[in-house]
Amino acid sequence: MSISVVILAAGQGTRMKSSTPKVLHTISGKPMLFHAIDAAKEISDDITVILHHQEERIQKEVEAEYENIIFHRQDAKNFPGTGGAMKGVYTRHERTLILNGDMPLIKKSSLEALTSGDADINMSIIRLEDPSGYGRVIIEDDKVVEIVEQKDCNEAQLCTQTVNAGIYAVDTALLERYIPLLRNDNAQKEYYLTDIVKMAVDEGRTVHPVYVEEEEFKGVNSKLDLARAEEIMQRRIKEALMMAGVTMCLPETIYIDCRATFEGECELENGVRIQGAAQLVNTHIKAHSVIEDSYLKNSDVGPMGRVRPGSKLVDTHIGNFVEVKKSDLNGVKAGHLSYIGDAQIGEGSNIGAGVITCNYDGKNKFRTIIGKNVFVGSDTQLVAPVCIEDDVIIAAGTTVNKDVEKGVLAISRTPMRTVKNFFYKFFGDK
């Protein structure tokens, strides 16, 4: 059966208390809406996103990441509510799945369950130990027969633990017939998507309950919800990676972006952050180090090292308090307290403690090129643009501000001198 997906993302999300649209708040490095789109793309090639609040901003970000997404603007002034969002929406396939853009935790398996079978409507249902505050979904003989608001429940209905999770898979022809019939004769003057369930039941149509996990279908409406969803997503990511062979020390202290990838034997120590689309191959990241959007192979970083976006490290050791930015290091050792930015460093080179690439003049960034087997002594400043050829020794404390040819010693120290008895002249006799 072919499936179309409609994602509701028009809401303002006032409870977020943020100028950022609710659906663009990130979970594990990716906007919530993108998680919903990713899930939808696993089952459908016809995806429509419903927008209203900050629609241009959201559409621009989605189009930068995805192709062939259809956008529909909700006329929220005349047709508010979830049902109003569907006014004027048309989909290609025989069945339409309606998702919420603020549910980033839904899995493919749940969407497949919701879109299987031949019921006119499949309705997501959660069982809650304490359903207080929720309307109850009344189910008889494995069919939904009624949705009752809590204030209207009788004593028996109040004991019902089944509630609406808010996701529906509907026969498209039926949906297109029901949506124009929706009315807003309620206290909020909104058009509710739940009314299509009542229409179907009244017509004797089959509304099938699909039981789902609360964890997956929990909407994110506040910063507290966002933090809780992040915890769940992080747990999933790390459990999957550990099952695939990644070693983690105190995984609850580690953060991993959902776009990061790992190959071979990788180890992450406590407090590590892997951000962006980082790629790690046979690499050891030591405690409290940060890796951002970079490629690392057969390397180790830290403790307390930082590799910033655009870097490539192969067979390289980056030690404590070393920062690397947009640099290509192959077979390099940089053990302590250095900044390497916009650099290319060749095999066998050693970067001493306190070495700095001076890559920025206040207006522009410049490159530092270091060849193979170069020894850069401690407290050296490399003033870019500069090129150091192979087999060079840079003496400690040198400021390199011009190119260095192969095989030489570069040194720029002033001669040391001593002043006799200066201590006693300065402090007096002790």
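Placed from the backbone N, Cα and C atoms, the Cβ positions cover glycine too.
These features come from Swiss-Prot:
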REGION    1-223  region 'Pyrophosphorylase'
BINDING   8-11, Lys22, 81-82, Gly135, Glu149, Asn164, Asn221, Arg308, Lys325, Tyr339, Asn350  UDP-N-acetyl-alpha-D-glucosamine binding site
BINDING   Asp102, Asn221  Mg(2+) binding site
REGION    224-244  region 'Linker'
REGION    245-430  region 'N-acetyltransferase'
ACT_SITE  His336  active site, proton acceptor
BINDING   Ala353, Asn359, Tyr360, Ser378, Ala396, Arg413  acetyl-CoA binding site
Residues Ala353, Asn359, Tyr360, Ser378, Ala396, Arg413 binding acetyl-CoA per the record - widest CA separation, whole Å: 23
Lys22 (UDP-N-acetyl-alpha-D-glucosamine binding site): nearby recorded positions from His336, Ala353, Asn359, Ser378, Ala396, Cα cut-off 10 Å: none
Those recorded positions listed as Lys22, His336, Arg413, and which of them has the most Cβ atoms within 10 Å of its own Cβ: Lys22
By Cα-Cα distance, the member of binding-site residues Leu8, Lys325, Ala353, Tyr360, Ala396 nearest Asp102 (Mg(2+) binding site): Leu8
DSSP three-state assignment for Asn350 (UDP-N-acetyl-alpha-D-glucosamine binding site): strand
Those residues of the chain, 6+ apart, with a Cβ under 8 Å from that of Ala353 (acetyl-CoA binding site): Gly335, His336, Leu337, Ser338, Ser378, Asp379
Asn350, Asn359 as binding-site residues, winner by CB count within 10 A: Asn359
Cα-Cα distance linking Arg413 (acetyl-CoA binding site) and Lys325 (UDP-N-acetyl-alpha-D-glucosamine binding site), given in Å to the nearest integer: 28
Counts of helix, strand and coil residues, the region 'Linker' (224-244), according to DSSP: 20 helix, 0 strand, 1 coil
Spatial separation of Arg413 (acetyl-CoA binding site) from Asn350 (UDP-N-acetyl-alpha-D-glucosamine binding site) - C-alpha basis, Å: 20
Fewest other Cβ within 10 angstroms of its own Cβ, chosen from the binding-site residues Ala10, Ala396: Ala396
Three-state secondary structure, which DSSP defines for Asp102 (Mg(2+) binding site): coil
Averaged pLDDT score, the region 'Linker' (224-244): 98
Fewest other C-beta atoms within 10 angstroms, as judged across Asp102, Glu149, which are the binding-site residues: Glu149
